[in-house]
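If you check TrEMBL, you get these features:
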type: BINDING; residues: G22, K23, G24, G25, V26, G27, K28, S29; note: ATP binding site
type: BINDING; residues: C196, C199; note: [4Fe-4S] cluster binding site
Amino acid sequence: MEAAAEPGNLAGVRHIILILSGKGGVGKSTISTELALALRHAGKKVGILDVDLCGPSIPRMLQAQGRAVHQCDSGWVPVFVDQEQNVSLMSVGFLLEKPDEAVVWRGPKKNALIKQFVSDVAWGQLDYLVVDTPPGTSDEHMAAVEALRPYSPLGAIVVTTPQAVSVGDVRRELTFCRKTGLRVIGIVENMSGFVCPHCTECTNVFSRGGGEELARHAGVPFLGSVPLDPKLTRSLEEGRDFIQEFPHSPAFHALSAIAQKVLETPAQLS
């Protein structure tokens, strides 16, 4: 029988959500960042754990590059990205000497760092911890899921883009969730159309509806479609709060609706 984990630094975290995808470049870090901001604007206290060790982009998206991580008696203190200290972030990007430094590590060292991130970050009281993972179903995913399993994660949000190639890879991610016993909160279709910056009309640059169709076939909830929006892209590149600054954007409405569905997701019975 598996021993119960010591609550430790996750004792004050109410809900843990993993952001997954079977394919790189679908916008997991974008969804992680904007979901965290949307939850914050809904009055929640949120942490982001960036375990995409080879591509830690969230510090830039939240204008937190170059910030120092300090130690306390309980472990690492996450970086707060807002004055009210309602959004905190821990990322391997904070541990690199130079922002352009590559993480050239073998599996065991990566897995050890992921486990350390789970156990040794002093999050304090959080309503949600959003975990941004690397693409695929590698050792790092197994390490993250196994390290978090004793804390009963709320589940996973799986991100895809509309094209058939991406949807096929994400189907494998759903299989990973089933095999590891991780509940799927739902699927998000990112880059679903392009919002014109002049007239706000949405044009389907790629195909459309692949994520929704996949959710229907897999029997999991479809959380929504997020269009490509130049304002969202610019906000991420400049580390600005898209949710606060662009409430009339179609992408804002999509992201807010996804956050609302997450807020309405009931915790699993232990």
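Each position is counted from 1, following the chain as shown.
Every residue gets a Cβ built from N, Cα and C, even glycine.
Here the structure is a predicted model, which means the values were calculated and not measured.
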(request) List the residues of the same chain that sit at least 6 positions away from S29 (ATP binding site) in sequence and have their Cβ under 8 Å from its Cβ, in sequence order, or write 'none'. (result) D50, D52, G55, S57, I58, M61, D132
(request) Give me the non-local Cβ neighbours of C196 ([4Fe-4S] cluster binding site): same chain, 6+ apart in sequence, Cβ-Cβ under 8 Å, ordered along the sequence. (result) C202, T203
(message) List the residues in the vicinity of the ATP site, defined as same-chain residues other than G22, K23, G24, G25, V26, G27, K28, S29 with C-beta within 8 angstroms of the site's C-beta centre.
(response) S21, P135, V159, T161, N190
